[in-house]
Amino acid sequence: MSMMWNEGKTNEEEFAERLSGGARPEGNLDNNDLSPMESISAAAIGGHSVDDLPPHYFRSPRFLVSLLSVSLAWVATLLGFVMISTSVGVLEEVFGPSTSYIWVVLNIILGQTVFFTVNGRLSDIFGRRYFFIYGSVLGFIGSIISGSAKNLNSILGANFIIGMAYGVQQIEGALFCELVPNKYRMICLAITWVTFSPLIGVGPGLGEHDRQLSENPY
């Protein structure tokens, strides 16, 4: 049974008091300290301040690689929307006229909607690391299928898979809030945008250049 923080109070009142620091127990929180509405893995807590982190944590290869991978996945989601939206005209040249081209982008949004609504809780249950890795792998597979498609229906199906991956990758921007302290979050996000935003602007041009050099127009 979980420990009661304040006898006679509702869960909402207990939670509000804990947020304000009024009833915080000594030491790290564990699942025995939480109400039935909450469950936090002991490994996920880590510590209560930056002082609990290992020495040189923010310069360690594991942190830098994690930050880079999260940044690339986040920007890939934005870049994918831009490039796919601008390639609809190319698809019409390759596959001929059709009333289904509107689904090229809508299928991505549908797949994204399915996963975006549940990936927060699912990543809490199964672990963020592997959940986001599998999401990126799913996007990679969908991109291969879409890029090698021989008909419009294959592209539509592949774009739904890509959309599911985007539903995972879209919230990777929120992972910055878990990787760095509050006072560094704005700096971290600013560096990411300044570094990778040019890709969003030049991406369609690079895609058109590759299309002209490739035997597969799409």
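Glycine too: its Cβ is placed from the backbone N, Cα and C atoms.
If you look up TrEMBL, you'll see 1-30 marked as region 'Disordered'.
As annotated by TrEMBL, transmembrane segment applies to 63-88 (among others). A Cβ distance under 8 Å defines the sequence-distant neighbours of the transmembrane segment (63-88), meaning residues of its chain 6+ beyond its ends; these are 57, 101, 104-105, 108, 132, 135-136, 139, 159, 162, 166, 169-170, 172-173, 175-176, 179, 188, 192, 195-197, 199-200, 203-204, 207, 218.
Residues annotated as domain 'Major facilitator superfamily (MFS) profile' in TrEMBL: 66-218. Averaged over the domain 'Major facilitator superfamily (MFS) profile' (66-218), the predicted model has a pLDDT of 79.
Per TrEMBL, transmembrane segment is recorded for 100-118 (among others).
Per TrEMBL, transmembrane segment is recorded for 130-149 (among others). Sequence-distant contacts of the transmembrane segment (130-149), counting only residues of its own chain at least 6 positions beyond either end whose CB sits under 8 Å from a CB of the stretch, comprise 70, 73, 76, 80, 115, 119, 122-123, 155, 157-162, 164-169, 172, 175, 216, 218.
Summarising the annotation, TrEMBL assigns transmembrane segment to 155-175 (among others).
Outside the transmembrane segment (187-207) by six or more residues, the chain places 67, 71-72, 74-75, 78-79, 82-83, 86-87, 173, 176, 179-180 with a CB less than 8 A from a CB of the stretch. Summarising the annotation, TrEMBL assigns transmembrane segment to 187-207 (among others).
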